[in-house]
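Note sheet for the following structure.
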Amino acid sequence: MQNLLHNLNPEQLAAVTLPSQSALILAGAGSGKTRVLTTRIAWLIQTGQVSPAGIMAVTFTNKAAKEMLTRLSSMLPINTRGMWIGTFHGLCNRLLRTHYKDAALPQAFQILDSQDQLSLIKRMLKAHNVDDEKYPAKALMYFINNAKEQGLRANRLEPNDPIERRMIELYELYEGQCQREGVVDFAELLLRSYELLARNGPLRHHYQMRFRHILVDEFQDTNDLQYNLLKLLAGHDEEGGGAIFAVGDDDQSIYAFRGANVGNMQAFEREFRVKNLIKLEQNYRSYGHILDSANYLIANNTKRLGKNLRTDAGQGEQVRVYEASSDLEEAQWIIEEAKSLTNEGVPRSEIAILYRSNAQSRVIEHALFAAGLPYTVYGGLRYFQRAEVKHAIAYLQLMDNPHNDSAFLRVVNFPTRGIGARSIEQLQMAADSYGISLYAAVPYMTGKAGSSLGNFVKLVESARFETQQLPLPELVRVVLERSGLLLHYQNEKEGADRIENLEQMVNAATQFVQEEGFGQGAPAHLGPPALPQAGEAIVNQDGIEILDADAPLANVMSPLSAFLTHASLEAGDAQAQAGQDALQLMTVHSAKGLEFDAVFITGLEEGLFPHESSARELDGVDEERRLMYVAITRARKRLYMSFTQQRMLHGQTRFNMKSRFFDELPEESLKWLSPRVQTNWFAGRKQTTAWDDAAFRDGSDNKIAQQITQKSGNGSGWRVGETVAHAKFGEGVIVNIEGGAGAARAQINFGSAGMKVLDLSIAKLERVGR
DNA sequence: GTCCAATCCTTTTTT
DNA sequence: AGGATTGGAC
């Protein structure tokens, strides 16, 4: 115990040792949030207040869940298996697998990822001759997910207009289709679990009695359905429920765009009558100037619970700000700074380059590649999402649940086996008219189409038969062969990588079988044992005994089903081998939860960061500001910020003003880097276009700039890309200049004041020097 | 059934 | 610009 609690600061200690009541911990960035969560669990168990089985801890990412498990097992000499620690989706999956009958699901139900979900919707729209101009698949998907996240089924939605009426009908059709195929989407995992518990009193009561302590990480990211699920589990409206220990940071809520509701924090405080609100404001990560910047910036947001980070680490270095002339030059500057950091002894893996959107990485990657600097880009295509891996998975899915139409269509003619669009269309019609799956409709087909489809079915059947007794990794290997996938990619000229990815799957299966505790040689198809290990019996509505879902997955599903679930729920990090010494490139979103010695925040321009689309959304800029807050607080020792006068985006050159966020940072914490001497990077570059001219004039080399203005110049005395100030419109950036000397007019982007065309001989403009 | 050219679309991302 | 998707030609 002494060990457990020592080294905690007073607030952390208070949080860890709170009595068994619901509590809200406002944990600022770098304040030891994960430490508090895990120590709390360990303390509860060690002091005998709860058994491991009485603990449920929920996170949003698999990474966070794993981290928690690792830390816990280093603190306590206990088996973590009895505890429910995982993501919302992972835990719901476990619940539904155990109680699949009560949830009205087939035992081998499969999980659709977003890709599969979209393709199912597209297929459905086509089958019902829906005008996809009027009802785009993506819009419908958004509509459905949104409804589910609010806990609403189609029959509970009220249409406001004919379009919505149709959407609701389509939502209903979609649900029917999923049910027929035996598949569930991500939102469905949660909604089904919610409904299962809401409907089934004895079951709900059982879990309420079991989970005395529910701990929730990143509470600010919960959506309404997740919050309601928690309320149900904690028995909020009922007698004797458990306690929820919620940890979150309203300032780091950056997922509103996908349904997260920060309001859940206030709602939780109110509805659970939280007496224990503890703020963790001591930061152990960053130096003073960095924290001051973060605090100043976030103070511009109104609706906050209020929190200010502090540190004992001293002020440290100022934040370095750099204005580049173009995105290319920005990238070049980053490279030089990164090189000198490396020379100072900072490992490359401790240097992060952050950007608002993925599209920005290309320019930087290009420059890094040219400079020969090793780098890793986060957030690329994940392993289980690669086309060839999805194909192999589809074969496995068909073997486990042949009624999964998405899987069927993905591979029925891949590798090609002479089954064309025509045959598929006929099959589709047959399936629709009988109301059965494509696979089940194959026997109704006649003629040539019938025989080739029949052969495909035979292939799947025989693969299943042949692998009946094989353990999972062996099964995967056989399927790779029998499906013809390996052969197909062997004949393709760019296929080597794909083959490697496919063979990797055998390893993934081996590792999976070991980690999940399936018997080493257990046949992959074998269902769960008839008598699962000890678990309390529960009597359901119909008086039938069911089992508690505390058994390992091995007891509720076959190795194959479990592996497929794993593939959908944990798409697999693309950069599992990212350990090498490389610069870390990622979006600000994916940087959440990470920290680095040195951080570059790039592209700090109006329209990019804050992103232009945020202006249209309610509280959109506030969310962008929180995003910026997250970015700043990633840095331990050194922070860089950069912006550029011009940038290529979607094939067009844009001239942006520097981000408004610069005006919200404390001046004394910023160090505006003096313009550097021009490097010979520019040498030899053609100067034919206005863009190139502008690229030369970053203010760092005024002589050259003036010369060029005079030579090529429009004689107006102003140049494109320059920042100017106007008495009425404020600061703006010159986007274009038309006409010659004396009659020049400039198109100027005044940001919030809009785009204006001003006559340069009349308008009173001032240069804004930085 | 396959291949290539025209067309579309582009915020952030996890499960 | 670039990639993913779709439609038409063979």
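For all residues, glycine too, the Cβ spot is worked out from N, Cα and C.
Because TrEMBL annotations are produced automatically, they should be read as predictions rather than curated entries.
What TrEMBL says about this protein:
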type: BINDING; residues: A:Ala27, A:Gly28, A:Ala29, A:Gly30, A:Ser31, A:Gly32, A:Lys33, A:Thr34; note: ATP binding site
type: DOMAIN; residues: A:6-287; note: domain 'UvrD-like helicase ATP-binding'
type: DOMAIN; residues: A:288-593; note: domain 'UvrD-like helicase C-terminal'
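Mapped onto this structure are the features recorded in TrEMBL.
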residue	record	Cβ within 10 Å
A:Ala27	ATP binding site	28
A:Gly28	ATP binding site	26
A:Ala29	ATP binding site	25
A:Gly30	ATP binding site	22
A:Ser31	ATP binding site	26
A:Gly32	ATP binding site	21
A:Lys33	ATP binding site	23
A:Thr34	ATP binding site	16
Average the pLDDT scores across the domain 'UvrD-like helicase ATP-binding' (A:6-287) and report the rounded value.
91
In the same chain, outside A:Ala27, A:Gly28, A:Ala29, A:Gly30, A:Ser31, A:Gly32, A:Lys33, A:Thr34, whose C-beta lies within 8 angstroms of the Cβ mean position for the ATP site?
A:Val36, A:Asp249, A:Leu280, A:Asn283, A:Tyr284
Where does A:Ala29 (ATP binding site) sit by DSSP, helix, strand or coil?
coil
